[in-house]
Amino acid sequence: MLKVLEGPSLAERTTLRLGGRALAEVRVTSRDALDDLPGVLQCLGGSPLMLGCGSNILAADGELPVVVVSLDMDDAPTIVGETAEGVVVRVGAATRLPRLLGQLASWGLAGLEGLAGIPGSVGGAVAMNAGSYGCEFGTVLRSVEVFSPDFGLADVPHENIEYAYRHFGLKGCHGWFVVTGADIVLRRGESAAITAAMRANYLKKKSTQPVLARSAGCVFRNPAPGVSAGRLIDQAGLRGKRIGGMAFSEVHANFLVNEGAGRSDEAFELLQLAQEIVKRRHGMDLTLEVKILSWL
């Protein structure tokens, strides 16, 4: 079944708490309903925006020409087999990362401890190839279940998946698609040790990142291996820099935070300022990691 809502507020659906209204939101409550999704999107107009927990989105204010697509399917993590590479776990895209990590720890399955403290959904982690502390989601992917208007609902094996630093794609697919689930491969370990590692990683994040603030996570990609975007912003003198209600965090300069009454234009101004100063001082381009939604 598909549920259509008119004019959802993106400020209410994103962790930055910024943005105007989308044309509509389509909530997918079952896989059987996915076949109807292309027709519904065509009738509604606008570009489809796949949205999980909204933790990597910076949306402009005003009316935006997008239709939000969200999954309302509770696919709990399930062990479905074991191979020479490890234990295979199937998980739905709407599952929140903390829930997945907690289940993996209880099962004694290791491989994603570095993602502790990252908000968001499994679908978002796949789509952005989420990573932290030497761990990337793409490295544990065995296959991805996706829906596309080109080939319907399908399981895409690892060899047909493209992933790199904060990048995910499907070979031969050039249009939009919805990630609905994934099979991941983990290695066996000790539950207590895995839980301890996750807790240590979370506490480290909490002490070095504004994990409880209204933030979209890191806004810029690291421009090169070993080169931190946050350090470049800090060296540019922009740690704690404020414009209106938006600021680069005092805790970690690569985090843009909404201090309560921020506006999208203030956020865009800060991002542009950082790019200009870092380019002038270091000759390096800062590429956005956060997804921008605007009128264009």
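Residue positions begin at 1 at the first shown residue.
Every residue, even glycine, has its Cβ placed from backbone N, Cα and C.
Taken from Swiss-Prot, the feature domain 'FAD-binding PCMH-type' covers 18-189, and the record attributes it to sequence analysis.
Marked as active site by Swiss-Prot: Arg166 (among others). According to DSSP, Arg166 (active site) is assigned to coil rather than to any helix or strand. For Arg166 (active site), applying a Cβ distance below 8 Å and a minimum sequence separation of six or more within one chain yields Met128, Asn129, Gly131, Arg221, Glu289.
According to Swiss-Prot, the active site, proton donor annotation covers Cys218. Residue density at Cys218 (active site, proton donor): 22 other Cβ atoms are found within 10 A of its Cβ, drawing on all protein chains shown.
Marked as active site by Swiss-Prot: Glu289 (among others).
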